[in-house]
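Colleague: Attaching a single structure in structure tokens format; questions to follow.
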Ligand code: PRP
Ligand code: URA
């Protein structure tokens, strides 16, 4: 059964407020998304398994812990997902990064695939699909489906803001995928935008319109 985790850490919530604010410009928006991605990555990796290794400190031998188990792969959904990658790599620098290119057709709101490049060993990796916005859920669900068709076994979804409709869709279509968000907003508007949301994440990140 898919679980939904909402990260209510005060720093995440504080930064998210300024990300939402329409008066926040591109430079600051990008920096804040990067910082929140780092904080969310810290939370999402809370349960990573550890194993003991023996090392030598300058003083003595010591048994200490390192992360063990499956290696991590990040899969941003282009293009807005790119805004969260570097923030996550700051604390998981060895992660490999695949890319799924999807855009949402503005009329039908259905995702259109245009690019896919994944690490060769995704079947052995714990994959984190990244996208700031989970609106209708069409893009995230399609990305997860593409990964499963390539053999991915272990997938998490990380978004800044979700609409209830998107959470429901991903949970119905992928009940093995847990969802990690900083906020679940009220609803979608008639154009499929999250209310109150933050507007168009890709445009705000890259300064396009
Ligand atoms: C946005 C967003 C998600 C998608 C969410 O991308 O980054 O990928 O819409 O909507 P959904 O849940 O209804 O599918 P967009 O299609 O605008 O492309 P972009 O990242 O290239 O701007
Ligand atoms: N995509 C966005 O960038 N924002 C929304 O609110 C919905 C989809």
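The backbone N, Cα and C atoms fix where each Cβ goes, and this holds for glycine too.
No curator has checked TrEMBL annotations; they are predicted automatically.
As listed in TrEMBL for this protein:
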type	residues	note
DOMAIN	6-208	domain 'Phosphoribosyltransferase'
BINDING	79, 104, 131, 132, 133, 134, 135, 136, 137, 138, 139, 200	5-phospho-alpha-D-ribose 1-diphosphate binding site
BINDING	194, 199, 200, 201	uracil binding site
Colleague: Can you list which of these binding-site residues (79, 131, 133, 135, 137, 201) have a Cβ closer than 6 Å to ligand 2?
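Modeller: 133, 135, 201, by Cβ distance under 6 Å.
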Colleague: Would you list, in sequence order, the binding-site residues among 194, 199, 200, 201 whose CA lies within 10 Å of the CA of residue 131 (5-phospho-alpha-D-ribose 1-diphosphate binding site)?
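Modeller: Near residue 131 (5-phospho-alpha-D-ribose 1-diphosphate binding site) by Cα: 201.
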Colleague: Determine the C-alpha span of the 5-phospho-alpha-D-ribose 1-diphosphate site listed in the record, that is the greatest distance between any two of 79, 104, 131, 132, 133, 134, 135, 136, 137, 138, 139, 200, in Å to the nearest whole number.
Modeller: 17
Colleague: Listed binding-site residues are 133, 135, 137, 194, 199; which sit with C-beta under 6 angstroms of ligand 1?
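Modeller: Only 133, 135, 137 meet the Cβ criterion.
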Colleague: Within 10 Å of the Cβ of residue 201 (uracil binding site), how many other Cβ atoms can be counted across all chains shown?
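Modeller: Its Cβ shell of radius 10 Å holds 25 other Cβ atoms.
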Colleague: Quick one: of the binding-site residues 194, 199, 200, 201, which has its CA closest to the CA of residue 135 (5-phospho-alpha-D-ribose 1-diphosphate binding site)?
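Modeller: That would be 194, the closest of 194, 199, 200, 201 to residue 135 (5-phospho-alpha-D-ribose 1-diphosphate binding site).
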Colleague: For residue 133 (5-phospho-alpha-D-ribose 1-diphosphate binding site), what is the tally of other C-beta atoms lying within 10 angstroms of its C-beta?
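Modeller: Residue 133 (5-phospho-alpha-D-ribose 1-diphosphate binding site) is surrounded by 26 other Cβ atoms within 10 Å.
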Colleague: In terms of Cα spacing, which of the binding-site residues 79, 137, 139 are within 10 angstroms of residue 201 (uracil binding site)?
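Modeller: So the list is 79.
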Colleague: If one looks at the chain holding residue 137 (5-phospho-alpha-D-ribose 1-diphosphate binding site), which residues at least 6 apart in sequence have a CB under 8 angstroms from its CB?
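Modeller: When sequence neighbours closer than 6 are ignored, residue 137 (5-phospho-alpha-D-ribose 1-diphosphate binding site) has 163, 165, 166, 167, 168, 169, 170, 173 within Cβ distance under 8 Å.
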Colleague: Residue 135 (5-phospho-alpha-D-ribose 1-diphosphate binding site) has how many other Cβ neighbours within 10 Å of its own Cβ?
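Modeller: Result for residue 135 (5-phospho-alpha-D-ribose 1-diphosphate binding site): 26 other Cβ atoms within 10 Å.
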